[in-house]
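Participant: The structure's right below; bear with me while I get my questions together.
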Amino acid sequence: MGDWSALGKLLDKVQAYSTAGGKVWLSVLFIFRILLLGTAVESAWGDEQSAFRCNTQQPGCENVCYDKSFPISHVRFWVLQIIFVSVPTLLYLAHVFYVMRKEEKLNKREEELKVVQNDGVNVDMHLKQIESKKFKYGIEEHGKVKMRGGLLRTYIISILFKSVFEVAFLLIQWYIYGFSLSAIYTCERDPCPHRVDCFLSRPTEKTIFIVFMLVVSLVSLALNIIELFYVFFKGVKDRVKGKTDPYSHSGTMSPSKDCGSPKYAYYNGCSSPTAPLSPMSPPGYKLVTGDRNNSSCRNYNKQASEQNWANYSAEQNRMGQAGSTISNSHAQPFDFADEHQNTKKLASGHELQPLTIVDQRPPSRASSRASSRPRPDDLEI
């Protein structure tokens, strides 16, 4: 049998532009048809005419009887079948090459327009037309070709023709040979003088190969039908998706990341929405705060306020025993909008401002001891 490498290379290029069913079909075609046909089947039918014998000495009788029994050799019949079922796939490959050629032209045109755009010329409309053509041809980013539009129709037509050819060759084989071979063939044809019996070489072995090729043809036909339904439903799904989201083919912008807000601490216990309140009080000092989930921070009750001031007074007395002087500016009261009694007591209070960014590291012992010492710039009461 001839060299199948040229056809194999062409069909191998279709792998990158086929569905999963198409890749399986090509694997079946290569392994169970072309490979088997070029090795075992050809050797089994190599002596079919030379080993065909009839019980007559009439010249030419064996030739006419062989021609009547086998109008075409099984091997040549299967070669024709492989060629016919491969032609639609090759036509689809030609369409893919056409789309790739179009892609090269569109990319070249797009680069030229971008160069002109850098000079200040408005070419947005032309660029949009190029993007529309790429989407129409099924061209995506990085040179990837997607089945869409005319390419999808060509693929569906190729599957239909492959299925039709499979069925047609199965019917022709059944009509000419059947799916089994007999050991004896009866022939009555000129120039045979009478009805003669002719004998076939290795009929059982040939019958096994015939049945095997029949099964492979049925499997290929089933794969074509499954792939046809898959591509059909995939096309319907893409069409529905395109109607719901007509701009799905364009690149989507990635959402910008939210910048984290700085970590501020407040005298009244409120903290920034994204950062927890940093520890601001000395050791042993408790500050009862309200619920931080409330953004207004106005839900503090009177008991919490009294507890805060009691803790603060106790700490002030303890620090006073150590000989430190506390600045009056540090003893500002808390400002509550809904506590009128507290605002009357703390008439000297001012609106509290948020501190700057708080260092998350805990204060060292040296710094805590140094903070209790009086400084020259402290205001004395």
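Note that Cβ sites are derived from N, Cα and C of the backbone, with glycine treated the same way.
Not my notes, these are from Swiss-Prot:
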- 2-23: topological domain 'Cytoplasmic' (TOPO_DOM)
- 24-44: transmembrane segment (TRANSMEM)
- 45-76: topological domain 'Extracellular' (TOPO_DOM)
- C54-C192: disulfide bond (DISULFID)
- 77-97: transmembrane segment (TRANSMEM)
- 98-163: topological domain 'Cytoplasmic' (TOPO_DOM)
- 164-184: transmembrane segment (TRANSMEM)
- 185-207: topological domain 'Extracellular' (TOPO_DOM)
- C187-C198: disulfide bond (DISULFID)
- 208-228: transmembrane segment (TRANSMEM)
- 229-381: topological domain 'Cytoplasmic' (TOPO_DOM)
- 338-381: region 'Disordered' (REGION)
- 361-373: compositional bias 'Low complexity' (COMPBIAS)
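Neighbours and distances for these, please.
Facilitator: Per-residue pLDDT, averaged across the topological domain 'Extracellular' (45-76), gives 84.
For C54 (disulfide bond), the same-chain residues 6+ apart in sequence whose C-beta sits under 8 angstroms from its C-beta are C61, E62, C65, C187, C192, V196, D197, C198, F199. In this structure, C54 (disulfide bond) is part of a beta strand by DSSP.
Away from its own ends, the transmembrane segment (77-97) comes close to residues 1, 7, 10-11, 13-14, 17, 26, 29, 33-34, 37, 41, 145, 150-151, 154-155, 157-159, 161-162, 165-166, 169, 172-173, 213, 217, 220 of its chain (Cβ-Cβ under 8 Å, at least six residues beyond either end).
For the topological domain 'Extracellular' (185-207), the list of distant contacts is 44-45, 47-48, 51-56, 58-62, 64-66, 68-69, 74, 179: same-chain residues at least six beyond its ends, Cβ to Cβ under 8 Å.
Annotation note: C198 (disulfide bond) sits in a strand segment as assigned by DSSP.
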Participant: Let me know the DSSP-derived helix, strand or coil state of C192 (disulfide bond), please.
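Facilitator: In the DSSP reduction, C192 (disulfide bond) maps to coil.
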Participant: For the transmembrane segment (24-44), give me same-chain residues lying six or more residues beyond its boundaries with a C-beta closer than 8 angstroms to one of its C-beta atoms, as numbers and ranges.
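Facilitator: For the transmembrane segment (24-44), the list is 1, 4, 7-8, 11-12, 14-15, 18, 74-75, 78-79, 82, 85-86, 89, 162, 202, 205-206, 209, 212-213, 216, 219-220, 223-224, 227.
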Participant: Among the disulfide-bonded residues C192, C198, whose Cβ has the fewest other Cβ atoms within 10 Å?
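Facilitator: Checked C192, C198; of these disulfide-bonded residues, fewest Cβ neighbours within 10 Å: C192.
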Participant: Let me spell it out: take the topological domain 'Extracellular' (45-76), skip the flanking residues so only those 6+ beyond its ends count, and list any with a Cβ under 8 Å from a Cβ in it.
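Facilitator: Residues packing against the topological domain 'Extracellular' (45-76) from afar: 1, 37, 176-177, 185, 187, 189-193, 196-202, 206, 209-210.
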